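K.L.:
I'd like to ask some things about the structure below.
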Ligand code: PBG
């Protein structure tokens with residue numbers, strides 16, 4: 001008898017461990033944080049649609065990071081909320097901007113923590129769009145210069161990696177040239193290469209105060225119906241010098257993560273976004289699902305699809321749950 005019996009290798013926990021194909025490691029997890037420019041040193045404002053996540057003052061962010069680093073966090077990505085917003089997003093590239101200050105503070109205190117920065121204008125523009133606007137249009141090329149200046153200011157502050165999320169065409173090249181011209185040849189770019197125009201970003205826009213005042217992001221972010229186009233976006237960013245490719249959101253786009261995995265040897269990141277986090281939190285709060293198990297199953301699913309790195313608001317919790 002040579003029947004396959006799947007149950008033979010599922011009999012005991014040790015056997016299951018032995019034949020497990022994928023594993024989640026603390027090394028894979030990137031925690032997003034929101035830092036607010038404020039005079040209130042102890043400012044900490046919970047984000048209503050993201051229970052467990054808050055906007056932090058610089059001081060509170062450093063405190064939170066210390067707690068996270070102590071339990072094994074190795075990497076984070078920062079989003080800034082400036083005091084003043086204007087049509088040119090001038091606080092996005094200000095050397096004394098809030099993200100730049102936060103990078104300096106975190107690198108000073110926790111030099112071993114990988115500090116990444118999100119490069120986009122939407123948190124800094126008065127209209128909430130990711131670029132310079134004329135009428136209702138988001139202008140591509142005039143925006144590139146500002147993105148590149150933002151990335152350079154993050155580099156000067158000591159960021160370990162910059163992550164452009166704006167979806168303007170040509171931004172990876174513009175950032176690469178700006179960084180190289182200023183001696184930052186070794187600073188990697190993690191490109192939000194395949195970023196869909198998704199309703200799952202809703203809670204983030206509350207957190208980052210970046211809801212567009214008119215229109216939406218569909219003229220630059222991708223159509224959720226498109227699969228082949230993801231490869232074109234990925235190729236373009238690789239050609240421009242991207243070091244890591246990201247797919248965003250994660251769970252509704254596992255096929256896209258798999259496509260990138262099979263077509264490229266670059267590290268692939270996936271962003272388990274705010275709406276994905278909020279859905280699990282809401283169901284868990286109602287007692288409808290087992291939060292820990294659903295989260296760990298989601299994260300391993302994202303890895304199994306082919307992601308090497310996962311940006312998730314659950315990173316800090318997952319560190320505990322991995323123990
Ligand atoms: C743009 C940016 C967004 C997210 C990350 N970077 C929002 C957007 O494109 O509107 C969303 C992340 C999330 O939903 O968790 N700066």
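Note that Cβ sites are derived from N, Cα and C of the backbone, with glycine treated the same way.
Curation does not apply to TrEMBL; its annotations are automatic.
In case it's useful when we look at the structure, here is the feature table from TrEMBL:
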{"type": "BINDING", "residues": "120, 122, 130", "note": "Zn(2+) binding site"}
{"type": "ACT_SITE", "residues": "195", "note": "active site, schiff-base intermediate with substrate"}
{"type": "BINDING", "residues": "205, 217", "note": "5-aminolevulinate 1 binding site"}
{"type": "BINDING", "residues": "233", "note": "Mg(2+) binding site"}
{"type": "ACT_SITE", "residues": "248", "note": "active site, schiff-base intermediate with substrate"}
{"type": "BINDING", "residues": "274, 313", "note": "5-aminolevulinate 2 binding site"}
K.L.:
Any idea what DSSP makes of residue 195 (active site, schiff-base intermediate with substrate), helix, strand or coil?
P.N.:
strand
K.L.:
Round to a whole number and give the Cα-to-Cα distance in Å for the pair residue 248 (active site, schiff-base intermediate with substrate) and residue 217 (5-aminolevulinate 1 binding site).
P.N.:
14
K.L.:
Other residues with Cβ within 8 Å of the Cβ centroid of 120, 122, 130 at the Zn(2+) site?
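P.N.:
Those within range, site residues removed, are 121, 123, 125, 129, 131, 165, 166, 210.
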K.L.:
Based on a Cβ-to-ligand 1 distance below 6 Å, what subset of the recorded positions 195, 233, 248, 313 would you report?
P.N.:
none
K.L.:
What number of additional C-beta atoms lies within 10 angstroms of the C-beta atom of residue 233 (Mg(2+) binding site)?
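P.N.:
The answer is 22 other Cβ atoms.
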K.L.:
State which of the following recorded positions has the fewest other Cβ atoms within 10 Å around its Cβ: 195, 205, 217.
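P.N.:
Lowest Cβ count within 10 Å among the recorded positions (195, 205, 217) is 205.
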K.L.:
For residue 205 (5-aminolevulinate 1 binding site) and residue 130 (Zn(2+) binding site), determine the Cα separation and express it in whole Å.
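P.N.:
About 12 Å separate the Cα atoms of these two residues.
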K.L.:
Applying a 10 Å Cβ distance cut-off over all chains shown, what neighbour count does residue 313 (5-aminolevulinate 2 binding site) have?
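P.N.:
Taking all protein chains shown, residue 313 (5-aminolevulinate 2 binding site) has 25 Cβ neighbours within 10 Å.
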K.L.:
Given the recorded positions 120, 122, 195, 217, 274, 313, which lie close to residue 233 (Mg(2+) binding site), meaning Cα to Cα within 10 A?
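P.N.:
Checking each Cα against residue 233 (Mg(2+) binding site), the hits are 195.
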K.L.:
Can you grab the distance from residue 217 (5-aminolevulinate 1 binding site) over to residue 120 (Zn(2+) binding site)? Cα atoms, rounded to a whole Å.
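P.N.:
For residue 217 (5-aminolevulinate 1 binding site) versus residue 120 (Zn(2+) binding site), the Cα atoms are 13 Å apart.
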K.L.:
If I restrict to non-local contacts, at least six residues apart, and a C-beta distance under 8 angstroms, what lies near residue 120 (Zn(2+) binding site) in its own chain?
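P.N.:
Listed in sequence order: 92, 130, 147, 164, 165, 166.
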